[in-house]
There are 2 protein chains.
Amino acid sequence: MSELLEAAAEAGKLDAADGLAALRERFVLDDVVYLDGNSLGALPAGVPARVEDVVRRQWGELRIRSWEESGWWTAPERIGDRIAPLVGAASGQIVVGDSTSVNVFKALVAAVRMAGDGRDEILVDATTFPTDGYIAESAARMTGRSLRPVTPAEVPSALGDRTAAVLLNHVDYRTGRLHDLPALTAAVHAAGAYVVWDLCHSAGALPVGLDEHGVDLAVGCTYKYLNGGPGSPAYLYVRRDLQDRFDSPLPGWNSHAEPFGMRPAYAPASGAVRGRVGTPDILSLLALEAALEVWDGVSVEAVRAKSLALTDFFLRCVGEYVPDGLVESVTPAAHAERGSQVALRCADAGDVMKRLIERGVVGDFRAPDVLRFGFTPLYVGFADVERAARVLAETLE
Amino acid sequence: MSELLEAAAEAGKLDAADGLAALRERFVLDDVVYLDGNSLGALPAGVPARVEDVVRRQWGELRIRSWEESGWWTAPERIGDRIAPLVGAASGQIVVGDSTSVNVFKALVAAVRMAGDGRDEILVDATTFPTDGYIAESAARMTGRSLRPVTPAEVPSALGDRTAAVLLNHVDYRTGRLHDLPALTAAVHAAGAYVVWDLCHSAGALPVGLDEHGVDLAVGCTYKYLNGGPGSPAYLYVRRDLQDRFDSPLPGWNSHAEPFGMRPAYAPASGAVRGRVGTPDILSLLALEAALEVWDGVSVEAVRAKSLALTDFFLRCVGEYVPDGLVESVTPAAHAERGSQVALRCADAGDVMKRLIERGVVGDFRAPDVLRFGFTPLYVGFADVERAARVLAETLE
């Protein structure tokens, strides 16, 4: 038991020295170790009162007047600007709305159209979360291009004169592997193609640097590390100098230059607004807006440092507590290749996760054999990490 | 003033005899005459507590477990089944999610694909709410078809061997004209084409009869006469015998036969679920589900009867109160051609509507010259109608 005592003592020291520890108060939490924030972020404490105001006063009392008076109409771009600094984007390049899948479709079709008729192939991450692959297949079919699944490592050699666009994940949903966004973006550009990054598993957990690295288009969900709530709307980034060339496959009235002009002919708006489609989903959008207030005064770099410390510590505790051979990490050991989750391959992983949850350690299971543990630095501490590893060891014994 | 006294007395009698009058208690209302339920329905009284439970308990306490335990995962099809009887559909044919614009895209592309390669033209209602036209143009472009705008009256003569699909509105958003869904559907079918109906301005206000009239596909929003809240998710109807041929242009992971199998290859689910795309927007969906409870025990036929009585009475009061020549109704007088709104053409309509709203009569303005008044039979009474006409007359004098 000396390893247990040692690790528990170290967890206490790490928590005491954690400059982000107080942020936990900004969330509604209990004594569960919640390591599933990479699937659904915990409830920020300010959300319930905001949602109540939106429902009772803005909708119930002001009704239709709220489209102007409560700022409903401009919520997609206003909340986009709130997300922007978290992903390294200047304002005016992100709109919030629709699901990640719908935004992948918008971004990928627009990227193919930017590339022009001479380029007939789309590359897609073969290890992607499946929806991106399904949507990429539809985008390829509907733009008359062929689709070629390749691993991110294979992208540089697969690029060529035929490549129109490349759809990549910043962090792999299953393994937690972080891909090299700057290098891959540069490689895509060197081939004269356009890149779409899916930030679902990186935004809010680590610096993305969209502007710095010249990313063309990006999408992401807001219900993981951004804590927007179940199924909260996704976002779309279009780099400023590409916005005039963004030719949406979903040109709904909200993206019109004059949406209330009721013109029969479509004329796209300028700027990020061009990525909008239909009437924005106000309840979910404004819940997300309240949720984003937990980021006030928080540096993404500090979040990243804590994230790496948490996953390092988890891997160390698992190594010390769990008998050899029972689990195998499929998450890279190198910091440069690691997101904010640890994925452990394990026999009967589905059943093991059920037992972990019963014992107050909540991660999730991804078929066929992976236990996923996500570490949200805003509310997960080192004592949580030690407890999770300990309960895992006890469960497996 | 005798006309005023007479109409006011009649309003009192009509309200006293109104079998639906008590339904007003199911909504949060004040002394404003709210005739904008055809843009944003009023807040149903049961919604705030439900939303609070969804946020605080389902999200805040159960967190990720709610996807199963709180029925989040199945909400799109469960709530679709709740809408089904309101539009004359048996269960298993409607899913809720995404915006109306996105659903128009899904439905129209799917309809074109059902029609097959030999049919190269899409007809679209030339008088449509603009987003349908913009999306139809994109659907035509992306499926290699041509798009031809025609008025609903011109549809029968425009149909032919080339027609793949026709996109129509059940009720015109501007004039309030009700189109002949059974006859137009039959005409489209006689030409061997497929029809997509937009029900935004009819569902919840009058019987639609989707199954009875053999409609192929339909879409609609839920924030007008269904009172789902600002930007609440739209729905998609796919007739049961067409579901196996529904080939979605947005085949997100939620429409996969085995969504948690994480398969790289897409295999569509059976049934209405095939119309889903990405992760459903739970806050807005469950607010809508609570909102739909106001329909318990309510017959759509009774709603329709009251709607016609309300619009008849409004037209009569306007005729009696407003001096000749100041307004002109662009809404058909014939019941068979009237939805649940009255649109009055009027000089300086934008300014007139502002003054009406200042005086507690809330309708809306649609460019260039139309005052729109929507009559939601669930919470609008005859005294409201008389007051609205009276204030309009005073405002115009």
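Each Cβ is built from the backbone N, Cα and C atoms, and glycine gets one as well.
The pyridoxal 5'-phosphate site in TrEMBL is built from B:THR100, B:SER101, B:PHE129, B:PRO130, B:THR131, B:ASP132, B:ASP198, B:HIS201, B:TYR223, B:THR279 plus one of B:TRP59, B:TRP253, namely B:TRP253. B:THR100 (pyridoxal 5'-phosphate binding site) is surrounded by 28 other CB atoms, counting those within 10 A of its CB over all protein chains shown.
Cβ neighbour count for B:TYR223 (pyridoxal 5'-phosphate binding site): 26 (other Cβ atoms within 10 Å of its Cβ, all protein chains included). In this structure the alpha carbons, written CA, of B:PHE129 (pyridoxal 5'-phosphate binding site) and B:LYS224 (N6-(pyridoxal phosphate)lysine) are 14 Å apart.
Note: B:TYR223, B:THR279, taken in sequence order from the binding-site residues B:ASP198, B:TYR223, B:THR279, have a C-beta within a distance under 8 Å of a chain A C-beta.
Across the structure, B:THR100 (pyridoxal 5'-phosphate binding site) and B:LYS224 (N6-(pyridoxal phosphate)lysine) place their CA atoms 12 angstrom apart. Around the Cβ of B:ASP198 (pyridoxal 5'-phosphate binding site), the same chain contributes B:THR100, B:VAL104, B:THR128, B:PHE129, B:ASP132, B:LEU167, B:LEU168, B:ASN169, B:HIS170, B:ALA218, B:VAL219, B:GLY220, each under 8 angstroms and 6 or more positions distant in sequence. Secondary structure from DSSP puts B:ASP198 (pyridoxal 5'-phosphate binding site) in a beta strand. Between the CA atoms of B:THR279 (pyridoxal 5'-phosphate binding site) and B:LYS224 (N6-(pyridoxal phosphate)lysine) there is a gap of 24 Å, rounded to the nearest whole number. Sequence-distant neighbours of B:LYS224 (N6-(pyridoxal phosphate)lysine): residues of the same chain at least 6 apart with a C-beta under 8 Å from its C-beta are B:GLY37, B:ASN38, B:SER39, B:LEU40, B:GLY41, B:CYS200, B:HIS201, B:ALA203, B:GLY204, B:GLY374.
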